[in-house]
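Take a look at the structure below.
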Amino acid sequence: MISAVAWIRKGVAAEKPTKYEMTEEEYARLQAVADAEIGSAKRELKKKSKLDASILEDPALKDFNLEDYSSASEAGDSDSEAEENAAGDINVFSNIKGLSYYADASEDPYLQQDDGSDEEAEEMRIFNSDNLLLVAKTEDDISSLEVCVFESESDNLFVHHDFMLPAFPLCVEWMDFSVGRKAASGGAGNYVAVGTFEPRIEIWDLDTTDNAYPDLVLGSNDRKQLRRMRGKPHAEFHTDAIMGLSWNRLARNLLASSSADTTVKLWDLAAATCVQSYTHHTGKVQAVQWHPSEASVMLTGAYDRRVAAFDSRAPAAVSWWATDADVESVMWDVHSPSHFYVATESGAVRYYDVRNVQEGKGSEPVYTLVAHAEAVSAMDQHPHVRGLLVTGSADETVKVWDLRDGRPSMVVSRNPDVGGVFAARFCPDEPMLLAVAGSGGETRIWDMATNPHVRSVFGGAAAAAVQEKPLVGVVDEAEADADDTREAVLAEMHGGEAVETAGQGSGSSGDDDDDEDAAMESD
């Protein structure tokens, strides 16, 4: 499944990404981590040996002569320990560091030069006309972050490179503040912060391929301490899953995080430390977002069915709003920064005015949008078109809403064929492109400007198009060849006429009664 996506503007990524190379300091760091893991394993083994010894003293087991087996095992262990002591301390990475014998690889007779290096470099090139799309994906219990390139001129979406993640990803946040190896270089960078079921935040350099580990990790690396404190709030680090992330675009060194440990934390990226911990919620904090124009104000939503807005410099003065269910996401209205949206598990979207507060308690919502029959698991607003909102749900639909004049109405509902919708994000450069992904493990790019319903409602805000395009997705080469063969066979069966293959159709409607027809067309 795909649990989160994020766009990156054109021209931000390096044209020629660098390949990751480990330094002596990094080898030493990995050796220290390996030593700690080996030491922990040995301690567990000793505990098990003591337990086995206590079992052997049980009178009921005397007839089985288990002491003989134990003695033989201990003798074997002693021999192994003697061999280890004779060999001395073994460095896990000693052989890796000794692989390169020649200072210049071209002098090594056992190495063949790669004649296709120039071609490979050209394939890895990212043009200024390309958008990047970050896709947090899990397949067969293996989680990764795919860095995809979208070529809008040819409607081509493909995976450029990826990073392995330690656990199931819950949120991703792009940022341009340089950290880790490039921190001293200054200037803007190209990074992504990733929150997973682990209680740590990983920050990766997107302009480097084949990364062995993240450039920066925020949180505690003491696994024993984290296991002991799982879910219990701590002032300096999270102790449970990272559920939300928000980078401050006005104060670029600040990153906010929300966690299942019920806390919200403020991180100084320059110092790689937690500078403030907020404990105003009593349930898992699902979402956090900085205000678009007030650098110190943030919005949070949690499973305690409450939303909070406060100044991070004065956390005691919190304004509260009650919701009808657990909060799925929160979002400031970029076109009217005194208002914000709240999506809930009940399938509703509520719109609040942050100014309507009395004694710390917020008023009723300006309006409530009953968007879906199931949880609203994805929500985004158009960055340029006022009143254009998109919602996605576990009911496998994406809906476009017209919220202008405070009178919400649905424009179109569509089944994008991605399963339950977990992510929906507008492209920052292409006005009407929407990335959609979900439980089916596929990503789709929908050009909403080609939809007649969207054009009829938003007029000049949506670029004119003659006919609606099919959704664009990442296609495996083998699957593409199979599709070409299937199309050729179908065309021959129908007298040479082109036939639309399954999955390329699209359906849309202006009301909920037509949702089923839209899904059938998409299928």
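Backbone N, Cα and C atoms are what each Cβ position is placed from, and that goes for glycine too.
For reference, TrEMBL has these:
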REPEAT    235-277  repeat 'WD'
REPEAT    369-411  repeat 'WD'
REGION    491-523  region 'Disordered'
COMPBIAS  510-523  compositional bias 'Acidic residues'
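Non-local neighbours of the repeat 'WD' (235-277) in the same chain are 170-177, 179, 183, 193-201, 203, 216, 218-220, 226, 229, 283-290, 292-293, 295-296, 298, 300, 302, 312, 315; each lies 6+ residues outside the stretch with a CB under 8 Å from one of its CB atoms. Taken through DSSP, the repeat 'WD' (235-277) splits into 0 helix, 22 strand, 21 coil. Confidence in the repeat 'WD' (235-277), given as mean pLDDT, stands at 96.
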